[in-house]
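Enquirer: This is the feature table in TrEMBL:
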type     : residues : note
DOMAIN   : 36-123   : domain 'Ig-like'
DOMAIN   : 136-228  : domain 'Ig-like'
DOMAIN   : 236-321  : domain 'Ig-like'
SIGNAL   : 1-23     : signal peptide
TRANSMEM : 377-397  : transmembrane segment
Amino acid sequence: MRLKPGALLRFYSLCGILIQVAATKNKARGSQGQFPLTQNVTVVEGGTANLTCRVDQNDNTSLQWSNPAQQTLYFDDKKALRDNRIELVRASWHELSISVSDVSLSDEGQYTCSLFTMPVKTSKAFLTVLGVPEKPQITGFTSPVMEGERMQLTCKTSGSKPAADIRWFKNDKEVKDVKYLKEEDANRKTFTVSSTMDFLADRNDDGAVISCRVDHESLNSTPQIAMQVLEIHYTPLVKIISSNSWPEEGQSIILTCESKGKPVPEPVLWTKDGGELPDPERMVVNGRVLSISFLNKTDNGTYRCEAKNPIGRNSTEYVLIVHDVFNTLLPTTVIPSLTTATVTTTVALTASTTTSATAISTRDPNALAGQTGPDHALIGGIVAVVVFVTLCSIILLGRYLARHKGTYLTNEAKGAEDAPDADTAIINAEGSQVNAEEKKEYFI
């Protein structure tokens, strides 16, 4: 079959249209993978920012970087803006990377990467520039400071973006009760921040380190710190320490006056009952120490220690009470001789016992000079032993007298039975006593 020339022309036209539609669909399908990719960048003022634009599928289409003012920086590998800070890092069909050195706050903004397809496709990258805060300064500090005065310290820093954070520390312990103030700088980009700490000077703060710390994300976890050391002047603090808690007669005592102040207190002054020390020979002052030897009752009283410095003076008192010497009585056992003795022997035994008791009761004032206090348990034990021994002695002595009283009456009766008169009876009684001494009876 033979086609006419007009029909053949229409056939070729239809085929061309179909081929063109197919090509357009393939091109549209390919251009869907051609899309630039970028990332936001944060850089510290004065640093270097790297801007990268990538394309996964590119059919030799050009890439371009432009700044926030829509000025072209690079078109493929060709530099368009004369700025020595901008350099080409890498240029290919799939990537266009540039760097901006010595970044300033004015460089902050939105940068655009363009892919010149039909239509042109773009991607945005925001460049954030951090303003570095200046080194903080502490104002309002004076040295030295008198105790009780009010101190107001202010820490201030400028040039931070965003606004920096200020924290106060006293000897590594954070102080929370502070005031914070933020102000925008004249460039309307950075901030000036300040913080104020208000407190009363106290002697416990002498030598304390006051720190003002500035924290900011541009400092890379290394905060900026300003420090001041407090010097507080205060009146002396006085305290008396005794070496003997229970002073007794004959002993010694040492009183030490401890004084702490700033400036350092002058040598202390010791007084007794509002006057001078009455006995300088026994009461010796050596610097801050008062020594009293051979204590007696006249040393009782109130001793005052006074210290002073250019700020003021202070004093404290110690009441001294000298106690009697306490003696420990050792028990003595008296065992009477249980024999048949005459009345004369009994009297001698009684005198001996009395003499022994008198000797025991004699007190030696220096016997226990080293003791610092009474031992009540020991006293009770000694008293109990003495009472027990005394009772036993009385019982034995009573028994002894009762037995010998009958013997005496018997001997007296024997001498008087055969005597014609009283004189003869007495003589016979004396003879009976002699015979009685020869015939001694022992009771066990």
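The backbone N, Cα and C atoms fix where each Cβ goes, glycine too.
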Enquirer: DSSP on the domain 'Ig-like' (136-228): how many residues come out helix, how many strand, how many coil?
Expert: 6 helix, 55 strand, 32 coil
Enquirer: Per DSSP, what is the residue count of the domain 'Ig-like' (36-123) in each of helix, strand and coil?
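Expert: Its residues divide into 3 helix, 43 strand, 42 coil.
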Enquirer: Could you please provide the mean pLDDT value for the domain 'Ig-like' (136-228)?
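Expert: Computed over the domain 'Ig-like' (136-228), the mean pLDDT is 94 on the 0 to 100 scale.
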